[in-house]
């Protein structure tokens, strides 16, 4: 039963509960008009303490396509937060007005705190470099629909694996499915944190290896998950400038890749995927973004108990 629950971490739901969400998303994709009144009278509050275009638009569009409405803020300066209001007080007040809330915050753990004081479901829309569970649902749905499975996959994760919350969440999620292999492709400065290796990969006996060049491992991959080097996570601009062009995927590097490999990216991209790749049949990142709207529709409908 998902009604009334929050989603803070991709591990909050069982594999069976995730499948329930994915099946509803499949149904919505097949016939979206059947669900256009599902959330009539319901209100989503978007509490975005950090800039976002795609995630916020995806949540808002998802709620509107369910027939609901949206209130909220897209930067803290436009809310009582700028006056010093705590997260606990903000969510208590928001709970009086809305039926569900989506929160993005630069501090790790902020959505978790909000969920502890909230009387409505809270969805973590990204907290610092920590977790991004709805992007993970998007990634899983896309793999499930294209590869027809979430097990027995070799997944390459490339770019910023240190600060990339989407990568951390996806590694967590994929560790729950059988016989997956993870290939971590990054420069030394942006390697996946040790706690991810110890607490998730090693603890769950997930096979993984590290590489420094895409071309050395691309022929093994069923999925290539590209990420951008995130300027906002760097304290030193010189380090950002030095590392931002570390990995650029182009058609030449795809020559040895499997014909049915899929390329994913949480977006926005900067220059890590050449525009020439957009026309490759393996490029799925824009379809992936659309899947994000559908999976958020399914998730919110389940948490509100309207479907």
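Cβ atoms here come from the backbone N, Cα and C positions, even for glycine.
Annotation source Swiss-Prot lists carbamoyl phosphate binding site at 54, 55, 104, 132, 135, 267, 268, citing sequence analysis. Neighbour list (residue 135 (carbamoyl phosphate binding site), Cβ cut-off 8 Å, at least 6 residues apart, same chain): 55, 126, 165, 166, 169, 170, 266, 292. For the recorded site, residue 135 (carbamoyl phosphate binding site), the DSSP three-state label reads helix.
Taken from Swiss-Prot, the feature L-aspartate binding site applies to 83, 165, 228, supported by sequence analysis. Close to residue 228 (L-aspartate binding site) in the fold, though at least 6 residues off in sequence, lie 159, 160, 265, 268, 269, 270, 272, each with a CB less than 8 Å from its CB.
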Legend entry - Least Cβ-crowded entry, counting other Cβ within 10 Å, from the binding-site residues listed as 54, 104, 132, 165: 54
Inset, instruction - Among the binding-site residues 55, 267, 268, point out the residue whose Cβ has the most other Cβ atoms within 10 Å, with all shown protein chains included in the count. - result: 55
Legend entry - Three-state secondary structure, residue 165 (L-aspartate binding site) (per DSSP): helix
Inset, instruction - Starting from the Cβ centroid of 54, 55, 104, 132, 135, 267, 268, which together make up the recorded carbamoyl phosphate site, report each further residue of the same chain whose Cβ lies within 8 Å of that point, ordered by sequence. - result: 52, 58, 125, 126, 166, 266, 292
Inset, instruction - Would you mind pulling the DSSP three-state label for residue 104 (carbamoyl phosphate binding site)? - result: strand
